[in-house]
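Visitor: Take this structure, written in structure tokens, and hold onto it; I'll ask about it next.
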Amino acid sequence: MLKGKTVVLAVSGSIAAYKIASLASALKKLHANVQVLMTKNAVNFINPITFESLTGNKCLVDTFDRNFQYSVEHVALAKQADVVLVAPASANVIGKIAHGIADDMLTTTVMACKCKKIIAPAMNTNMFDNPILQDNLKILEHYGYEVISPAVGYLACGDTGAGKMPEPELLLQYILREIAYEKDMQGKRVLVTAGPTQESIDPVRFITNHSTGKMGYAIAKMCMLRGAEVTLVSGPTSIAKPEFVHVVDVVTAKEMYEEVTKRAKDQDIIIKAAAVADYRPKSVSSEKMKKKDDDLAIPMERTDDILKFLGEHKKEHQFLCGFSMETENMLENSRKKLEKKHLDMIVANNLKVEGAGFAGDTNVVTIITGQEEVSLGKMTKEETALRILDEILKATN
Ligand code: CTP
């Protein structure tokens, strides 16, 4: 995902410095070239050898260290960088960068970098709240630095408050948003639906399906990483919300209908990966239904077909993509849905094919438009999402 990209991790003196080791490792696994810079103080918290072992690159600490290839040419590294993350960023380093003081390897390199620079402050909560520090962060934002708000929690100094460096996984997401994939969806507004819906029978029970939301969440994440502005309307799922995506939680088909239809007119692309209930109990008992000796039949009524509504009210140049899950006659049934619901594309999968469908991390889909059918082999849901987006862009450009 990050092949050919250089990430500069600038580490300053804070106890959170040790957490950057797992970030460096995660970036390396994604094939990034990872260059770590440390202040002299940071070396007190984590040994440069840790970073050197993880990244395969010399960890740069002092401008006057002659024993590495960049030597006095810190500018060479600055030119190579695709993104710089200063994390943890101490009050001292923030103050120096904000006021143009460049007196070591880290500050000189950061100042020489023209690429996107991201700062993750980490310090005692009173230091963080200090108006001088806050003013310095505003200066950095003014000059285009992105400041990641510190997490709130128990700090190493014993205080509780804002000042914790966010977890490496979140820092990674900031980096990925910046440099993963070509930003070929920049300027596009995309609405994705995902997950199942739940239709209540009584306060205890509901009807749902096996959807986990994985496919829809993968699509939302990939749209975001390719630069789109993404809204994800999600039924109940247990998976983590993708970062930098506006998530709207819903439970029932009716709620999904309302949240989707009121946003639809503002969207360039709508991708409906949710497994929406086609029927719901005609009435919901306000009290728990007690069992009886007889069998039970629950009268059901149709829910609104959200996708059909969207197809009938499609605005000009809007692209509408549905999903179709079948157990037989997949292509024929999916083509019927494409036409009936006025879709531009339908992504079909056969639940009976190994590696396709709910729950797993893979899918096997056929992408159907009015003109063609593209069958993809078994691949991860994230890869599948990327291929679906390629086809959507091909059809819209
Ligand atoms: N869908 C929807 N609203 C519903 C039901 C389905 O928007 N009330 C959408 C799904 O999000 C999916 C597509 O319609 O994108 C296909 O759903 P599916 O249930 O497979 O198809 P149906 O049209 O309901 O047909 P059938 O039940 O006959 O398979």
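Including glycine, each Cβ sits where the backbone N, Cα and C put it.
Curation does not apply to TrEMBL; its annotations are automatic.
Residues or ranges marked as active site, proton donor by TrEMBL: CYS157. Marked as CTP binding site by TrEMBL: ASP278, LYS288, PHE323, LYS337, LYS341. TrEMBL lists 5-176 with the feature domain 'Flavoprotein'. Per TrEMBL, the feature domain 'DNA/pantothenate metabolism flavoprotein C-terminal' maps to 185-394. TrEMBL lists 1-189 with the feature region 'Phosphopantothenoylcysteine decarboxylase'. Residues annotated as region 'Phosphopantothenate--cysteine ligase' in TrEMBL: 190-397.
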Visitor: Using a 10 Å cut-off on CB atoms, tell me which of the binding-site residues ASP278, PHE323, LYS337, LYS341 is the least crowded.
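Guide: Each of the binding-site residues ASP278, PHE323, LYS337, LYS341 was scored by Cβ atoms within 10 Å; lowest is ASP278.
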Visitor: Please average pLDDT over the domain 'Flavoprotein' (5-176) for the predicted structure.
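Guide: Average per-residue pLDDT within the domain 'Flavoprotein' (5-176): 92.
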Visitor: How big is the Cα-to-Cα gap, in Å, between LYS288 (CTP binding site) and the residue listed as 'active site, proton donor'?
Guide: 51
Visitor: Could you list the residues of the same chain, at least six apart in sequence, whose Cβ is under 8 A from the Cβ of CYS157 (active site, proton donor)?
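Guide: Listed in sequence order: ASN124.
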Visitor: What three-state class does DSSP give PHE323 (CTP binding site)?
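Guide: PHE323 (CTP binding site) sits in a strand per DSSP.
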Visitor: If you count Cβ atoms within 10 Å of the Cβ of LYS288 (CTP binding site), leaving out that atom itself, what do you get?
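Guide: There are 11 of them.
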Visitor: Need the DSSP three-state call for LYS337 (CTP binding site) to compare against my parser.
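Guide: Looking at the DSSP assignment, LYS337 (CTP binding site) belongs to a helix.
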Visitor: Among ASP278, LYS288, PHE323, LYS337, LYS341, the annotated CTP contacts, find the widest CA pair distance and round it to a whole Å.
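Guide: Maximum Cα-Cα distance: 38 Å.
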Visitor: Under DSSP, is LYS288 (CTP binding site) helix, strand or coil?
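Guide: Assignment for LYS288 (CTP binding site) reads coil.
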